[in-house]
Amino acid sequence: MFKLLIPNKYNYVIRPLVRFKSIKSPKSPKPKPTAKLSPNVFSSGKFSQLHNDTSTTNIESKITSFDQLKIFPSVREAMIKEIKSQYNLKGPRHSNIDEIDIKPTPVQIAAIRKINQTRKLKVPNKDLEGMDDAERIQFELQNANEIQKTKVFTVAAETGSGKTWSYLAPLLSKLKSDDMEFWKSDPEGYDNTRKKGQFVKSVILLPTNELVDQVYETLQRANSFELDHKGAPGNFTSFLELPENKTMNITTMKLGQGEAPVRLFRQLETKGPIDVLITTPGKIVAFSKLVNINRPFRVFANVKYCVLDEADTLFDDSFEKNTTDVITHFPKLLDLILVSATIPKVFEKKLSKLFPDQRSLIRVATPSLHKVPRNIKVMTIDADVAPYNGSKPRCLAQALYAISKDGTEPGYVKRIIVFVNEKSEVDGIVESMITKYKVRPEDIVGVSGSVNIRDRKDMLQPFLQPAELIENDDFGSKVKILVTTDLLARGLNFQGVKNVILLGLPRNSVDLVHRLGRTGRMNQNGRVFVIVDKKSKKSWVKGLGNAIIRGLRIG
């Protein structure tokens, strides 16, 4: 695939960082419900943009199964089937997906427990019958207020930790529980509403169309599995035996780029209520321009649950107004769930401004927040030394060649993601690799914001699905290379991608965490190669790999 560029003596000049033995610390006492975050690296200066003063959530190690968590039975079964369907079976350890025991991740344990907590107040020591009229009325009013007030959850966990199902599991459980309670109290009303209701029950907001597609496809897969409901508690049986509940039976819809909002109203008219709408804030704000539809925002009057995925982005300067405007159209909102892999300092300040009473925030933060998983190996390449002599493209070409010949992922097409800082660099790098370094045009694509959404989707497909066998690839590719910017560094699940190259350093620590997080997802191994020169060489770069091994936070 590649022309050999460098004499043999220079082959594989990618130098792994020196690994220093970490100093053993004395045994620590039993952890308390909250723990102070561990030290972090480069936590000062302009590069440092992450907030690291949040306490973490204590996560009980006794929970080792989704069966131990409060999840609606059909949601649990569909979720496990969906996770297994996306599991990477490469390697000798497992030959059959049924051998895989799917366990909840720390963020899934913590978020599901917090979000699914009962809203009802505990009855005081003396029961309701033992209260006088004044006490009973006061308790019932307080209970009603607790049930109806909006709760705000923040869910923060490291990249690749399973955050999508950490909010989907409680969200879908609440939707199904609401349906079951409605059916038990009024079967006829439930059936009529299911067929004719014209409203949206919940909304998931995301910053990019790629993420809208990703979450929508996750829900579509989960909704496609036939369920047997084995082991479901008796109080669920009659509801689960309804004909429509042979699957999870969640109605979903997405509004992405090029999809007119009027589609939502057509679907409501023909198919009834939508359980989950997945879209961007701008799409809902655009409803105000629908002059041919009477009171278009009326369909959101019954929204009870809203998720802001990649919440730090949705509250940055370019999204904040649209995001807050959208939320104001949900008058019956019960749960607002803010999800992110990073808590930037700017985002934390905005949270404090939006919710000055910090008691109104229910925080979930895993101990590994802002840490890069230890299964990611970071290596630096100095473009200033021979044979590169200051040429970062030459350095990149040699790195691509070395990866293609290293003997890993035998039989499969290797996927490599290359990050640059400016979208203006993308096309130039792709052109250089093809014309000067003889990379096949079929093996490399460049994706930036200037590429239309339909083409972007096609170009990204090989990276968003499990690796193909070389013999099955349409172009006979042994590697596929994606050159892109931070546009694609957030949230996207590049399935099983083992190699990421940073062509220079990102602007800040937030972007660094997200770029590193495109590999090593869900406990799989990954490698990151950081190409630096005299302009981008920082003293801490050579210590980054050691910081990861030691479990330090990115500052």
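Glycine is no exception: its Cβ is also placed from the backbone N, Cα and C atoms.
Swiss-Prot has this to say about the protein:
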type    : residues                                                       : note
BINDING : Ala157, Glu158, Thr159, Gly160, Ser161, Gly162, Lys163, Thr164 : ATP binding site
DOMAIN  : 144-361                                                        : domain 'Helicase ATP-binding'
DOMAIN  : 395-555                                                        : domain 'Helicase C-terminal'
MOTIF   : 101-108                                                        : motif 'Q motif'
MOTIF   : 309-312                                                        : motif 'DEAD box'
TRANSIT : 1-25                                                           : transit peptide
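Structural mapping of features recorded in Swiss-Prot.
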| residue | record | contacts (Cβ under 8 Å, 6+ apart) |
| --- | --- | --- |
| Ala157 | ATP binding site | Thr105, Pro106, Val107, Lys163, Ser166, Ala341, Val364, Ala365, Thr366, Ser368, Leu369 |
| Glu158 | ATP binding site | Ala341, Thr366, Ser368, Leu369, His370, Lys371, Val372, Pro373, Gly517 |
| Thr159 | ATP binding site | Ala341, Val513, His514, Leu516, Gly517, Arg518, Arg521 |
| Gly160 | ATP binding site | Pro373, Asn493, Gly517, Gly520, Arg521, Met522 |
| Ser161 | ATP binding site | Thr105, Pro106, Val107, Ala341, Thr366, Ser368, Met522 |
| Gly162 | ATP binding site | Pro104, Thr105, Val107, Gln108, Met522 |
| Thr164 | ATP binding site | Val215, Thr218, Asp309 |
Requested in this report: For Lys163 (ATP binding site), just count the other CB atoms lying within 10 A of its CB, please.
Outcome: 24
Report task. Can you see whether DSSP assigns Thr164 (ATP binding site) to helix, strand or coil? Result -> helix
Query raised in the report: Reported in the order helix, strand, coil, what are the DSSP residue counts of the motif 'Q motif' (101-108)?
Result: 3 helix, 0 strand, 5 coil
**Report entry** Sorted by sequence, non-Ala157, Glu158, Thr159, Gly160, Ser161, Gly162, Lys163, Thr164 residues with Cβ within 8 Å of centre, ATP
**Finding:** Thr105, Val107, Ser166, Ala341, Arg521
